[in-house]
Amino acid sequence: MSATHLTESAAVPVPRPNRLLELVRRRPEIITLVLLVAICVAVSIINPAFLQPSSLVDIGRASVVMGLFALGVFIILAAGGIDVSFTAIAAFTMYSMTLLVKNHWPDAPISLVLVAATAGGALLGVVNGLLVHYLKVPSLIVTIGTQYLFRGILLAFIGTVWIMSLPPTMGAFGRLPLVQFDSGGRTITLPFYFLVLPAAALITWWMLNRTLMGRAIFAVGGNANVAERLGYSLRTIHVFMFAYAGALAGLAGIIHTAANRQSNPFDLVGTEINVIAAVVLGGARITGGTGTVIGTLLGVLLVVVVNSVLVMVGIPSTWQRVVVGAFILLAAAFFVFCQKKN
Amino acid sequence: MPRPDAAAKADAFLELRGIHKRFGGVHALRGVGFTIEPGEAYHLLGENGCGKSTVIKIMSGAHAPDEGEIVLEGKVYYSLTAIQSLSAGIETVYQDLSLLPNLTVAENVALNEQLVASGGRLARLFDRARLRETAASALATVGLPTDRAFLGTVVSDLPLAQRQLVAIARAIATRAKMVIMDEPTTSLTRREVDNLIAVVERLRSEGVAVLFVTHKLDECYRIGGHAIVFRDGQCVEQGPLANYTKQRLAELMTGRRIDAERYRTGAPMAGELFAASGLSLLPNVRDVSFSVRKGEILGITGLADSGRNELAMAIAGVMPATGGSLRIDGKAEKIRHPSEAIKLGIGYVPEDRLAEGLFLDKSIFENEIALVVRDLANGFGVVDKAKGRALADKLSQDMRLNTRNLDLPVGALSGGNQQRVLIGRWLSILPKLLVLHGPTVGVDVGSKDTIYRVIQQLAEAGMGLVIVSDDLPELLQNCDRILVMNNGRVVAEYDARETDEDQLYKAMLVSKPVTQPAVNTETAR
């Protein structure tokens, strides 16, 4: 054996990780985007009606409430927790707000109603955060508990009557157009409240990437014990993130009511899994510490598109669940595959 | 609340006075006190469980003491919070590194500087330019790359040695006045250790105090400074390191005499037990040949990237060999999976006992019988508990475990005892050949002694042993022969009685094979 021999053996190339797999591993939301584009292309080939503005506007409108929920769930997931109480928070705030405005101040300005609903949701979120922090119980258990609690209080003490006619300002907000145009004799309206989703996404992105709180949320998602040791206040982070998710849920609730022009206290609860599925499809790991706002929005779009287009290509709507379930399994298997390969 | 204290030494940075700490019924610290002065190096020495970690946690603000005072720059505190400790300039490199695996290198190194600057308040903007700047200068100090790609790498993608350096970089990213390092060199190569020692020198020249916690006494002497020796939660000795010999320190730590002499007294028996010829595990191991006799202890060493780790795993089937042949008791065999190695009587005690070996939340009993649980089960798959108990009892006695309660979870044991449980488990299959990979990493002096004695007993009983380790004194004290690997090949072979650390280091570092009469021509061809 000689020196040259050794240099040779040292120069033997180490198998390079596949660049594409590496990219997908670092940015799993690429898979979500690819799936989304693939579905859209496939559907528009089978049924070109899909590309009409009316169906696109429908998808946009249907994404708002789910998108707001998903942003909240994403923040909690990023910090290594899970929240299933957000639908109950939304139902609670939207119904009690509607009742309050209807009975006491029917002409309340809509901006005030929105702010009050957001604040109410945040307050319920603070309850979640304090319970998670002081009980030291996993957030899944705490929020299952508070989901029952919030919903029970709503139905037992506040009311069970379906409100069919909203206060005028709320009804008007639901109808306020952002863009309106005629298409094939029908008037298509992209409502003003659609703007709330991109605005909330932008704020959430900014908070996560440009403030210390945002980095702290990911730090806690990486390893809560280490984060605490490094001087991050877990109490502040727990309270903040649940309050933030609660605020988004409160806002989503009032928009849900305004959009549907009615307030049903039995509404929303039961759709949590759908939202969590969308966030996970967007590349956030259920174990915490990862994910992006863009991925979350893509996950929401994917679920909304699947839910709304299957009918257009002649697949019965009962198959939606099968398709969403298959996507979740496929995407999860693929994420794991990419990780192993590297 | 801090209050001025005239009695505190003006020049001391930190002083602990009469610190007590109890956890439940355990009195972990019993009136500990010492002084840290700027620009000095200190070595906190002691066996596992002597209270070293607790005292670190008190200084870094993770625990509050039950009694005693902490005098920090002349102000007296009864306890510190993490942010108070960090703001005062006390930085800690924890043994588990305390890195956030999902964040980038830059964030891990420099985010804390911004957190401390804001006093722990989180409603602050996060300054990305400053983050990169701080991170780059700290990384440069420890000798890591400072380009954007490295700064943006997620820490879980880094190898262990680089993570250790990242953790050190975080400690020096802020204007620290005291850096505590809890076993900072466990996964560093010799060159990285040299670099670390240079970093420590620079910190000291800037007036930063450095407190080491380590089991590697050789490194302590290279750094110099003061020794603080703990035993059973008390500070038993303090003074300049140069005043103590290694042996004296070991005695102070354990409270008993430790023999630093060679443990190996027996000799190999006749008859080849195991032979590898032309063994390869590309690209890490190339054409390695060696044999082990009955009752022989063979040491294998080399730098972290020399292929020694992969060789150990190839023998045990953890990473199957890609070429070459194995002979066991004269018969050609193939090992493609750990279960095949077990059938052939080859046991493998992995290096990372926490990740690869032990079930930490399970009892000692369950851990000991994990490999033979199928043999203990009857036709219905029901495990014969009584038989298992008897076996676990015998194994823990053989391994001189210092508890008789086999229902304790393994996670509650000290590092030394955990290692003994792991070795005991492998003894349950009555191996012919036992591969020990870093058998005393993170194990204190007293436990080392016990493990070495057990190793010698096993060899006396005719078992062949292979010790893969970078702890050279360990190999010199225990082995018959030592193979040195370099760049995937065995480059030298020495008789352990006729070599020393310097000779071994040279063989590990030199890029061409040393021309040495002791080199086995067959293996170094």
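Each residue, glycine too, has its Cβ placed from N, Cα and C.
Here is what TrEMBL records for this protein:
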TRANSMEM  A:30-51  transmembrane segment
TRANSMEM  A:63-92  transmembrane segment
TRANSMEM  A:112-136  transmembrane segment
TRANSMEM  A:148-170  transmembrane segment
TRANSMEM  A:190-208  transmembrane segment
TRANSMEM  A:239-259  transmembrane segment
TRANSMEM  A:265-284  transmembrane segment
TRANSMEM  A:291-313  transmembrane segment
TRANSMEM  A:319-338  transmembrane segment
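Segment contact holds for the transmembrane segment (A:239-259) and the transmembrane segment (A:148-170), given three or more CB pairs below 8 angstroms at sequence separation of 6 or more.
When the stretches A:30-51, A:112-136, A:291-313, A:319-338 are ranked by Cβ pairs under 8 Å to the transmembrane segment (A:63-92), first place goes to A:291-313.
Within the chain, the transmembrane segment (A:319-338) has long-range Cβ neighbours (under 8 A, six or more residues past its boundaries) at 21-22, 24-25, 28, 31-32, 35, 274, 277, 280-281, 283, 285, 302-303, 306-307, 310. The transmembrane segment (A:30-51) shares more Cβ pairs under 8 Å with A:291-313 than with any other stretch in the list A:112-136, A:148-170, A:190-208, A:291-313.
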